[in-house]
Amino acid sequence: MMSLLSLLLLGIALPATQAIDYRKCQASQILKEHGMDKVIPLPELVCTMFHISGLSTQAEVNNHSNKEYGIFQISNNGWCAEKQEDVANSVCGILCSKFLDDDITDDIECAKKILQLPEGLGYWKAHETFCIEDLDQWRC
C-alpha cells in the first residue's frame, strides 16, 4: 500500500510539460522552417544537437560552474538568465528555463546569436569531436 501511495504522489509531483525527443529529420525540418539552413549546414547542426542534448527539449546539464539548457544546451553564462531581474543583461534576453519547454523557437533564435560567434558551431565542443566528417547519417 505504501509503494502505491508513493507512486501516486510521484505522478502528481511530475511536471505537466513532457520533453520532446526529436528525431533527426523532425529537428532538421523545424530548423529549416526557421531559416537555419541559410545559417549553417543542417546535417552538422543536427549532429551537434544530437551529441549535446540527445535532441531533447528538456536536457539540462551542470557543467562546472555553469548550467546548460535545452536542445541546444545554451549556457547560463551570459546567454540566458537564471532570474527574471537578470534577463535584460543576457545576450538572448530570456530566462534559461524557457529553453526547457517544448517550443524551441526561442532556442533557435538564441542559437542563431551563438552561431554568429567567430567559432560558429565550434561553440559546442561536440561539433568538432563528432560532426565534422562523415555526415551522411545526419542528412534528411
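Cβ coordinates come from backbone N, Cα and C, glycine included.
Sequence-distant neighbours of Asp107 (Ca(2+) binding site) (same chain, six or more apart, CB under 8 Å from its CB) are Thr57, Gly70, Ile71, Phe72, Ile74, Phe99, listed in sequence order. The Ca(2+) binding site annotation in Swiss-Prot covers Lys98, Asp101, Asp103, Asp106, Asp107.
The C-beta environment of Cys25 (disulfide bond), restricted to residues of the same chain at least 6 apart in sequence and closer than 8 Å, consists of Cys140. When secondary structure is read from DSSP and collapsed to three states, Cys25 (disulfide bond) falls in the helix class. Annotated disulfide bond per Swiss-Prot: Cys25-Cys140 (among others), in sequence order, evidence recorded as sequence analysis.
Cys131 (disulfide bond) has a Cβ environment of 23 other Cβ atoms inside 10 Å. According to Swiss-Prot, the feature disulfide bond maps to Cys47-Cys131 (among others).
For Cys80-Cys96 (among others), the entry in Swiss-Prot reads disulfide bond, with the evidence type sequence analysis. Sequence-distant contacts (6 or more apart, same chain, Cβ under 8 Å) of Cys80 (disulfide bond) comprise Tyr69, Ile74, Ser90, Cys92, Ile94, Leu95, Cys96, Lys98, Phe99, Cys110. A coil conformation is recorded for Cys80 (disulfide bond) in the three-state DSSP classification, outside any helix or strand.
The annotation disulfide bond is assigned in Swiss-Prot to Cys92-Cys110 (among others) on the grounds of sequence analysis.
Per-residue confidence over the domain 'C-type lysozyme' (20-140) averages 96 (mean pLDDT, predicted model). For 20-140, the entry in Swiss-Prot reads domain 'C-type lysozyme'.
As annotated by Swiss-Prot, N-linked glycosylation site applies to Asn63, with the evidence given as sequence analysis. Annotation for Asn63 (N-linked glycosylation site): spatial neighbours Ser75, criterion Cβ-Cβ under 8 Å with sequence separation of six or more.
Taken from Swiss-Prot, the feature signal peptide applies to 1-19.
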Would you please pick out, from the binding-site residues Asp101, Asp103, the one with the fewest other Cβ atoms within 10 Å of its Cβ?
Asp103
Cβ-Cβ under 8 Å from Asp106 (Ca(2+) binding site), same chain, 6 or more residues apart: which ones?
Cys92, Ile94, Lys98, Phe99
Cβ-Cβ distance under 8 Å to Cys47 (disulfide bond), same chain, at least six residues away:
His127, Phe130, Cys131, Leu135, Trp138
